[in-house]
Amino acid sequence: MSSMRHGPARAKSRRAEVNLGAEREHFDKQQLSSIGKAINSSEMPVKEKHARRIILGTHREKGAYTFWSYALGFPLASSSILSWKFCHVLHKILRDGHRNALQDCMRHHGSLVEIGKLWRDLHDKYGQLVVLYTKLLCTKMEFHVKHADIPPNLEATDEVLERTAGSDINNVFQLTVEVFDYLDAELRLAETVIRQLNTSIAISTLSSGQCRLAPLIQVVQDCSHLYHFTVKLLFKLHACLPADTLQGHRDRFHDQFHSLKTFFNKARDMQYFKRLIQIPKLPDSPPNFLHAASLAKHVKPVVVIPDEYGPEQQEDDDDDPEPLIEVSDVSTPSLQAAPQQFDIFDQTFGPPNGGFDDRDLQIEGYKHDMEMLRAELEKIKAEAQRYITQLKSQINSLEAELEEQRARKQHALVENEQLRMELEATRRRNAEHESTQAVFVEAESRAQATEQRYNKLKEKHTELVASHAELLRRSADTVRMLSATQQTQEEVERTKLQLAFEVDRIKQEADMKLDEKKFEMEKLKRELEEKMAEVMRIRGTLKDSEQTSEQMNSSVTALQAEKERLMRSVSEKEAELSSVRQAAQVQQSSLQQERERSSRELGELQGKLQEKMSLEERLKQKLLQDQFAMLQGTVTEAENIIQDAVAKLDDPLHIRCTSSPDYLVSRAEATLGSVDKVKRGHADYLSNMGDAGGLLRALTQFSHLAADTIINGSATAHMAPTDHADRLTENCRGCATESLEFFKDLKSKTTLQKADTASIRVVVQKILYLGQELRPKGMDVRQDELGDLVDKEMAATSAAIEEAVRRIDEMMDQARKDTSGVKLEVNERILNSCTDLMKAIRLLIISSTDLQKEIVEGSRGAASIKEFYARNSRWTEGLISAAKAVGWGATEMVESADKVVLHTGKYEELIVCSHEIAASTAQLVAASKVKAERNSKRLSVLQQASRHVNEMAANVVASTRTGQEHLEEKETMDFSGMSVIKLRKEEMESQVKVLELESHLENERLRLGELRKKHYELAGVPSEATEETTLSNHPVTMSPKPSKPALVKKPTLAQKPNIPPKTTFK
């Protein structure tokens, strides 16, 4: 019966396995068929439906391993056409296949390189193309593996490109070079293909030509995106780097631009591409990267594939069409195999009750439902495909519209600049027009004056005619008439000279339109000069008239003729002046019209300028609001930091945290410096509220330093005497309160002006004073003896190190005599690490001594060495304390190592000594570093020696722990034979022991705290009674003078220094 119950379940699992196996077999056959039909040695292009099935296979299996499993079996080395079509299919898979196909193809990168090398050495036209194609595919895979955000089909938005480039200009520069290389590989392949077609008889309508041209569809798609990437990256580079630096990039881009434009134009004219792809047109000239506004004119080239599948779906009806989404493939073989499986089941187990089963009806119903669902699924897939096409077209239109909007925006900016320039030009033209009009008015007045002078000249000529008539009638009175004539001629001469002068002035000041009359004016001037000469001759003739009257009559006749000709010249001049006046009136009317038009344009431009100014004012207000909002956000974050620091004062977990007064003093001094920066940033912000950067940086630094001061003040109070601890905690809270009050004033515009940091400075100075009081005090040594004491302590420390090395060597020899095996190995390892540590300490002492001499020689000036140490007594005491600490640590380590070797001590003592030596050397480095120059070579040598000491101390700890693990025997717990009651009893005893150990650990921690407090008192902190008396008699000042305790007795080798406790966080 049991086997009968399990029978149907096994049958179902077998049916599922059969279905999956059949489905996989069908998929493999289909892929093998498509790959074989797509990649063959016939010289014809790859059919799109076969490539599409291969691409859908990569999406179905989420990778390209099936393709590569079949492709690796092709004899690519035997046929160049086979290799060419393989590269074409691989290019399609990289562009349109599943995203994991890139990683699968990258695993066979070496195979592609080998194919390229093979065909490079063979003289074959397709072989040359294969070499270029393999190089292109390798470049493509390497680029997209390095920049995973950009997909292999290169359909990435500008935001993705911006994120890939990053903010580092070096990364942008490198990415631009890689895109150049990528585009070069594409263009070399395209140029070689087109060159072979031009030199061969194959054209784009023949299968041999189409076999070469088919991969260029993917090349066109890649090149359009790469060209857009190159333009964007070059504009970004030119915005950050000088133009001379990018001259090579611009030259390389111009070469690629012309090559790409030539390739697109040739491909667009080919009949093969007209029905498969719409190739975009590039602009006539490359973008001008030196002009940032040219970016708005750049339009992204868009490649459109009208219909990839229409022409080929009607061919080869023997192949079933492949749907875009393979959903029903799984159900089809399952339904085909279902009747046979049910028959096998019925033959094996028989129908229930030996008759008809209701499950047959259910199966039939399921079949009917599956057929309906399949039909509905086909309908949904068709609808989804239609929606996808519509969405793609919408995306293309939206991208084009976005580019158009960007172009319009940039065009509006350019127009704004042009309008501003036109406004300036119009203003200049108006000023010139006004000056020209004034010149014309003055010219008209001068013309009128000239006309009046000409009228007077007419009158003079009339009088001259009357005078000559009188001469004829009264020949007897010739002398008198001659004098009158002479006077008249002189007046005429003066009038003519004035006329010539006025004509010259009119000629010089008239408009450029009078230049054509210049020749006639010069001619008239020469005629006037001739007339003047003639008058002079007439004067001579009149003088001779006393001798002969006939000569005078002839002279008078000639003079009358000359007068008539002069009258004609005057008439001509009047006509010329009238024409000039008419031209001036016409020019004046045109200038009046130009002025009216300029006034209208000026009004329009002023209106636009007013709009721009109002927009600029709104932008300024928004900038002020944004800056104040950033200030409020920064202040809020600073309040959170201060509040978090105050909350730690009452945190029970913070009670165990301790800190040294020296560190508290350094934090308080840094906080005082940040208070000054906040004050300066606040003043700068009040003077220019459009820039809050300085205040924001100062507030950020101040909040962190103040919080650090509050936390370390509380941690220092945990180890200080009660009165100092209370006052230190109270001042820490006061610092937080004053800081929060200052932040509250900054958050409101009404109280922003009166925000002041004076109260914060006072509280921080109090914390600084308390920290200085808690510092360990120096020894009671006269200041003039400090220099000698430094040298003595450094010499004593060096002697202690030498003694420690000698004793360790003795212990090593003794251990080799007394022990053997594992114990000897452990002891040798520990003692060798101790020896290395002592050698490192000795180098540290030598480096510190050299640096100390450099500091003294470089800083003492004209003073002596003792005077320098006396003047810097606190620093000198720090050096003395650090040197003592190092010597004492070396002595203690030798003692602990001796006990460990003799098995009378503990390994933990050696570990603690290593830690103590590391801390002491750090104190010595810090004391030496205070007055050293930042770029001092001896300081770097000292720091390197300190790091070497820390490494050797770590080696001591590691050797000790390793030896401890080797020597300790671990007990294996044997629970066999123990009952439940006994196990429970053992568990209770173990819990009791754990509680006892925890209690003992807590007591030891309390004892450690008391020891550290006592250490503070011995290090120089006065007792509570003395402290109360001193503080009651002397108020708090900012420059305390610490009292000096009595000398402490020095051990045999070195004295234990007064080292403040290290900060410990539990």
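Note: Cβ is positioned from N, Cα and C throughout, glycine not excepted.
Residues or ranges marked as coiled coil by TrEMBL: 363-467 (among others).
The coiled coil annotation in TrEMBL covers 978-1014 (among others).
What TrEMBL records for 565-576 (among others) is compositional bias 'Basic and acidic residues'.
Per TrEMBL, compositional bias 'Low complexity' is recorded for 577-592.
Within the chain, the compositional bias 'Basic and acidic residues' (593-606) has long-range Cβ neighbours (under 8 A, six or more residues past its boundaries) at 419, 422-423, 426-427, 429-430, 433. Here TrEMBL flags 593-606 (among others) as compositional bias 'Basic and acidic residues'.
Taking H, G and I as helix, E and B as strand and the rest as coil, DSSP gives the domain 'ENTH' (23-151) the counts 94 helix, 0 strand, 35 coil. The domain 'ENTH' feature in TrEMBL is assigned to 23-151.
Residues or ranges marked as domain 'I/LWEQ' by TrEMBL: 778-1019.
Here TrEMBL flags 1-22 (among others) as region 'Disordered'.
The region 'Disordered' feature in TrEMBL is assigned to 565-606 (among others). Taken residue by residue, the region 'Disordered' (565-606) breaks down under DSSP into 42 helix, 0 strand, 0 coil.
If you look up TrEMBL, you'll see 1019-1066 (among others) marked as region 'Disordered'.
Residues 656, 658, 719, 721, 1061 of the same chain, all 6+ positions outside the coiled coil (978-1014), place their C-beta atoms under 8 angstroms from a C-beta of that stretch.
The average per-residue pLDDT of the prediction over the coiled coil (363-467) is 75, rounded to a whole number.
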